[in-house]
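Lifted from TrEMBL, the feature list:
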- 71: active site, proton acceptor (ACT_SITE)
- 75, 77, 79, 90: Ca(2+) 1 binding site (BINDING)
- 162: substrate binding site (BINDING)
- 192: heme b binding site (BINDING)
- 193, 248, 257: Ca(2+) 2 binding site (BINDING)
- 38-116: disulfide bond (DISULFID)
- 73-78: disulfide bond (DISULFID)
- 122-325: disulfide bond (DISULFID)
- 199-234: disulfide bond (DISULFID)
- 28-329: domain 'Plant heme peroxidase family profile' (DOMAIN)
- 1-27: signal peptide (SIGNAL)
- 67: site 'Transition state stabilizer' (SITE)
C-alpha cells in the first residue's frame, strides 16, 4: 500500500513537471523556422555537421555549450548577449570568464553567413549547437524552435548567476525567476553530468572549511572520495587550486546520463549546490526518481533544455541578426 502511494506520488510529480514544461516558451518561435530561407542550404544540418566535427576531436564541447546556454539564457534571456566582445560586456563578468566554445559559434556563423548572409541569428546558433552536442554525447535527440533575434545589449552588471555553494532552496528560488519549478531546477543541475570544475571551487566549501570551520570537511561527502580529493587531487596547498575535478565519475564525465544523480545518493556530488539537492528532503525525492530511471531523465532533460532555450527571447522585428556574433551591427 505504501509502495502504491509512493508510485502514485512519483507519477503525479512527473505529470506536474511535464505540464509546467509544456506551458513554457514563446509562441513566435517555430520548428524549422529557417527552412527555405538559406539559398537551398539546410541550416540545422550545417550546424550539426560543424558541431559533429568539433565533438569528434574535442568531446568536452558538450559541457562548454551546455554551460554557455545556461549563462546566456539566465541573463536577459536567450539573446546572444554573452557573445559580445568589449569592456563591460556580459563576457567580462567574473562568472563568465571561464565560459568556452565561442570559437565554435563563430565558425558556424561564418559558414552560415557565407551561405545566406543576414538570415540566421547567433542566439539560434547557440541553441542548435547545444542541442546537437547533447545528442552526440549520448543524451536525448530533441527538436527546438527557432526564430530568435539578437539583442543589442550586453552588460556585465546584468550578470547574476547562481553560486556553487547555494542551498537547494536558494537554487530553487533562483530558477523560479526563470519560470522553472523545483523539479526543473533539479533537472537543469543535471547538466553537471558533464564537465569539470577546479579545486579552488570546492576546497573551502567542502574539503577544508565546511560551514566556516577551519579544517572541516562536509559530512555529506563520501569519506573515501573525500580522502582521494585531499591526498591526490586537491591537497590543501595553493598550487592545487587549478587542478581539475570532474563533476561526474571520470568514465561518465563526457556522457549525458543520470549517473550524476546516482553520485548524489552516494555522497559523491562535487559542488556543494549539487550535494545539497540530496541533503534537502524536498529535492531528494526528485534525485532518487531520476537516479532510478535514465529514460525519464533523458526525456525530461530534453524538455527542460527546450524551456530554458525559450526564456525571454526576441522575435519578429525585435533586435537584429548580427553579421558576426561578437559585435553588434
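Placement of Cβ uses the backbone N, Cα and C atoms for every residue, glycine included.
Distribution of TrEMBL features across the structure.
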residue	record	Cβ within 10 Å
38	disulfide bond	17
77	Ca(2+) 1 binding site	20
78	disulfide bond	28
79	Ca(2+) 1 binding site	28
90	Ca(2+) 1 binding site	25
116	disulfide bond	16
162	substrate binding site	18
234	disulfide bond	24
248	Ca(2+) 2 binding site	26
325	disulfide bond	23
Which of these recorded positions is closest to residue 116 (disulfide bond) if you go by CA atoms: 71, 77, 90, 162, 193?
77
Distance check against residue 122 (disulfide bond) for the recorded positions 38, 73, 257, keeping those with Cα within 10 Å:
none
Can you name every residue in this chain, apart from 193, 248, 257, with its Cβ inside 8 Å of the center of the Cβ atoms of the recorded Ca(2+) 2 site?
190, 192, 194, 249, 252, 253, 255, 256, 258, 259, 260
Where residue 257 (Ca(2+) 2 binding site) and residue 90 (Ca(2+) 1 binding site) are concerned, what is their Cα separation in Å, rounded?
30
For residue 234 (disulfide bond) and residue 79 (Ca(2+) 1 binding site), what Cα-Cα distance in Å is obtained after rounding to a whole number?
37
Candidates 67, 71, 192: member of the recorded positions with the richest Cβ shell (10 Å):
192
Across all the protein chains here, work out how many other Cβ atoms are within 10 Å of the Cβ of residue 199 (disulfide bond).
20
Tertiary neighbours of residue 73 (disulfide bond) (same chain, Cβ under 8 Å, six or more apart):
178, 308, 309, 311, 312
Top Cα neighbour of residue 325 (disulfide bond) in the set of recorded positions 38, 77, 78, 193:
78
Please report the distance from the Cα of residue 78 (disulfide bond) to the Cα of residue 71 (active site, proton acceptor), rounded to the nearest angstrom.
9
Would you list, in sequence order, the recorded positions among 38, 67, 77 whose CA lies within 10 Å of the CA of residue 192 (heme b binding site)?
67
PLDDT averaged over every residue in the domain 'Plant heme peroxidase family profile' (28-329):
98
Chain-internal residues near residue 75 (Ca(2+) 1 binding site), provided their CB is under 8 angstroms and they sit 6+ positions away:
81, 82, 90, 158, 159, 160, 161
If we check Cα distances from residue 38 (disulfide bond), which of the recorded positions 71, 77, 79, 162 wins as closest?
79
Closest of 77, 79, 199, 248 to the residue listed as 'substrate binding site', Cα positions, recorded positions only:
77
